[in-house]
Amino acid sequence: MAGTMHLLTAVSLILMLSSANAESTVYNLLTSPDCLPDLLHGGLAEQGVTELYILTTFRIQPGTGNTIFSLYNPRDNSKYFEFSVFGKANKAILRYLRRDGRMSAVTFNKLNLADGEKHRLLFHLKGLEVGHPGGFPHSQGALPVPGVELHLDCRLVETLRDLPAVFNGLNNHQAVELKTMQGKAQEGLEELKLAYGDSVENVASLQDCHTQSDSVQALGLNTKQLTTQMLELTKVINELKDVLIQQVKETSFLRNTISECQACGLSGAEVVKPKCAPGVCFRDDMCIETAEGVECGPCPDGYTGDGYSCDDVDECQFNPCFPGVRCVNMAPGFRCEACPLGFTGKPLEGVGVAYAQTHKQVCDDIDECKGPDNGGCTANSICVNSVGSYQCGRCKTGFTGDQIRGCKPEKSCGNRLQNPCDPNAQCTEERDGTITCQCGIGWAGNGYLCGKDTDIDGYPDERLRCRDPTCRKDNCVTVPNSGQEDADGDGKGDACDPDADGDGILNEQDNCWLTPNINQQNSDKDSHGDACDNCVRVDNPDQRDTDSDGLGDACDDDMDGDGLKNFLDNCQRVKNRDQLDRDGDGVGDACDSCPDIPNPNQSDIDNDLVGDSCDTNQDSDGDGHQDSKDNCPMVINSSQLDTDKDGIGDECDDDDDNDGIPDSLPPGPDNCRLVPNPEQIDDNNDGVGDICESDFDQDKVIDRIDNCPENAEITLTDFRAYQTVVLDPEGDAQIDPNWVVLNQGMEIVQTMNSDPGLAVGYTAFSGVDFEGTFHVNTVTDDDYAGFIFGYQDSSSFYVVMWKQTEQTYWQATPFRAVAEPGIQLKAVKSKTGPGEHLRNSLWHTGDTNDQVRLLWKDPRNVGWKDKVSYRWYLQHRPQVGYIRVRFYEGTELVADSGVTIDTTMRGGRLGVFCFSQENIIWSNLKYRCNDTIPEDFQEFSTQHGMDPL
């Protein structure tokens, strides 16, 4: 036995040495990228390739980032396989499309690849599916376990137990192209190769990584040991020769002995026949006694074997179940689970191969569009049934509108007058009876003429034949820029102009990308050139300028412009010439978070604009204002509107304008509830007083363009004044967000790959409609972006957030957080507040105790697409807890939460949200005060047994 083992060892060594001399097939993808589609569309499988290598060598400058290479579909810009480096965050991310069609991401932290040095990367992909086996040594025998090994600078750093789908063969209709990093000075991609047909050790040598085979290392072999093994092999063979000679002699002796026994008549001895006994056959009832002995009958249905032993047949391999339905193998038999959502049919059970081959589960599509409710689509709209689902389309011929506002007769507009609007616009009757037209989502113009608006920023792709500003051609057709900023006046908007200031220096390298400065002079080294630096000789990277006088706060001796020098001003960033300070804490009342209680440090740990010294967190009505500061402590009124400034909020004031005419009781109702008019003059007897006929709140903005016609404090959407809230203030996992506000507060851009953070406006709302265009203007990274509403403090708010791919958060403390792709609506009510618990809870898709509740998730599990614009439309009515959010891609409704009821936050402020995602644009932002309860709330209440209003 020992000799046999020596023989096997020597033979295996010879096989290893022979395979180590195999030659690789190597493709240089930098010079021949066109070979890649043929290989991925079946070329590798046809050659029997089961192991594949991708080698790349690159150099990235410190503090920068780049996508090293990416395999993607040029038709829809979707990714198959991508490796990116983030220098500032000191990490790298591998993203890939899984075989189940979902994106996955692996994050490598504390990986300093952006250091100006050359780095070598080797991907070893194993377990590829084979089309015609036998092409290479690796295709012989058992296939390797599918997975990916990542070697960095000749060192194994990660092993994935999954194989990206792109390397298992693409369908012919799935286009694939290669995109490589665009290097700047002092950096670039030096090598990108694809290899197969050899060992990882030999392939690694192409990158000057000289390693021994793992198996050779384990044996500790060298040339001397090989010689010793060969000598031992010769010795063993000689010993085996002697043994065989002896065995031949013994066999001959036995044959002669048997012959002699037969000659003596011993062959007549009675032979005892075996009989059936328990355990002889697979089942006792299968045992048969014959003249020749015992036989076993055939295996029963659902099993295979010789009758003595029978093994269960996996009938599921014959695909008896409806596509998408789970098949459960049993012993014996199989079972198909219920038909998927959108289909109807019976479960299927059976036993045996024949049954599985001749019986297939049948699931019939449910036509949701049949029936009186039109599939749930708005009346008079088109419901399109599809296999397993349905979609709500445009209004039927003769009707106009959309799924939000309903479909009305095309020739009428509320007052039954002829509809003057464009077919792609909505017609609205205002409170004074006038008609306004507004282009629908995905369209832009003046409402009477509408054109296609690809990026949904409010400007048409092509110029329209009308004079309104919104009829002009969009200067960035595919990048939303609702302000149409164009610094160099070349007709190409700053958002899509690679040299926005026209000075010949590209934006990425220009230290004043909106101001021409060929010399790039920078006296203070704060990354802002002198030509655009509001403090030329003082470092101020944030460029903050409170009074907008062109002089940055860092070098302005009167930051708020109130005429008082900073060292004398008790509110340095808030104008207050009176310098009132009731509590004498050195902080003026105008900027004091506790004006009646001394708190010189102005600490506000929960970011609710109320200092910790006077923050009681006692809020009886849940509207975000503590009772001691709430002008209606027992009535929900998050906006705190007090028209007559009498200290009583309008929501609980019987006479809002204090003109002596009650709002609703006799001798009212007041025909101008917000404007004093004791005479109640109404010449046209339309029920609206003359003084407020077209401007109900008398804020000098007519109602039809007023975002809040019943609130004189709010007229237009404006986020220029905002509060920044950092949700993970501790640690150095990432950096804080960088917010840039454009278009007079109606557009926000976040530029950094950052920790979770919020930019929150200071205006609080009760009922509100909030809409905007969401766009990720990069192909780098795949994380969270969204918006918030009902913000009351840094532990209490609603967030709508969208993740592109599935990913486990790279910080496993305090718990493992897994993000799934798709849109999520969450209610945040955190007991800990900003920190690692809230951070991981926001990342995680699902509920987390005492932190976050998932109210709704888009069942499609679809991530956002790179450089694609989406329009959201939110309705929030905190008085009844009504929430509904819709998302559009172009003109198509792609996600709808439906009616969601939650009363955790009874109103609050609005803002935007980001988490580890850079280059996010929130464009064409609009908010409108609206306390009207939508019609679908009544339907929802009836169906769910709630108390109607």
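Note: Cβ is positioned from N, Cα and C throughout, glycine not excepted.
As written in Swiss-Prot, here are the features:
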- Cys281-Cys296: disulfide bond (DISULFID)
- Cys321-Cys336: disulfide bond (DISULFID)
- Cys339-Cys363: disulfide bond (DISULFID)
- Cys377-Cys392: disulfide bond (DISULFID)
- Cys395-Cys407: disulfide bond (DISULFID)
- Cys421-Cys437: disulfide bond (DISULFID)
- Cys476-Cys496: disulfide bond (DISULFID)
- Cys512-Cys532: disulfide bond (DISULFID)
- Cys535-Cys555: disulfide bond (DISULFID)
- Cys571-Cys591: disulfide bond (DISULFID)
- Cys594-Cys614: disulfide bond (DISULFID)
- Cys672-Cys692: disulfide bond (DISULFID)
- 409-451: domain 'EGF-like 3' (DOMAIN)
- 578-671: region 'Disordered' (REGION)
- 452-484: repeat 'TSP type-3 1' (REPEAT)
- 485-520: repeat 'TSP type-3 2' (REPEAT)
- 641-680: repeat 'TSP type-3 7' (REPEAT)
DSSP state at Cys614 (disulfide bond), helix/strand/coil: helix
Chain residues in Cβ proximity to the repeat 'TSP type-3 7' (641-680) (below 8 Å; excluding those fewer than six residues from its ends, i.e. six or more beyond): 630-632, 634-635, 687-689, 691-692, 696-698, 710-713, 766
From disulfide-bonded residues Cys476, Cys555, Cys614, the one whose Cα lies nearest Cys392 (disulfide bond): Cys476
Residue with minimal Cβ packing [other Cβ atoms within 10 Å] among the disulfide-bonded residues Cys377, Cys532, Cys571: Cys532
Other CB atoms, at most 10 A from the CB of Cys336 (disulfide bond): 23
Candidate disulfide-bonded residues Cys321, Cys421, Cys532, Cys591, pick with smallest Cα gap to Cys296 (disulfide bond): Cys321
Conformational class of Cys692 (disulfide bond) under the three-state DSSP mapping: helix
Neighbouring disulfide-bonded residues, C-alpha within 10 angstroms of Cys363 (disulfide bond) - of Cys395, Cys421, Cys496, Cys535, Cys594, Cys614: none
Cβ neighbour count within 10 Å of Cys392 (disulfide bond): 19
C-beta crowding around Cys296 (disulfide bond), within 10 angstroms: 19
Rounded inter-Cα distance in Å - Cys377 (disulfide bond), Cys281 (disulfide bond): 63
Confidence summary (mean pLDDT) of the repeat 'TSP type-3 2' (485-520): 96
Cys591 (disulfide bond) versus disulfide-bonded residues Cys321, Cys532, Cys535, Cys555 - nearest by Cα: Cys555
For the repeat 'TSP type-3 1' (452-484), the number of residues DSSP places in helix, strand and coil: 3 helix, 1 strand, 29 coil
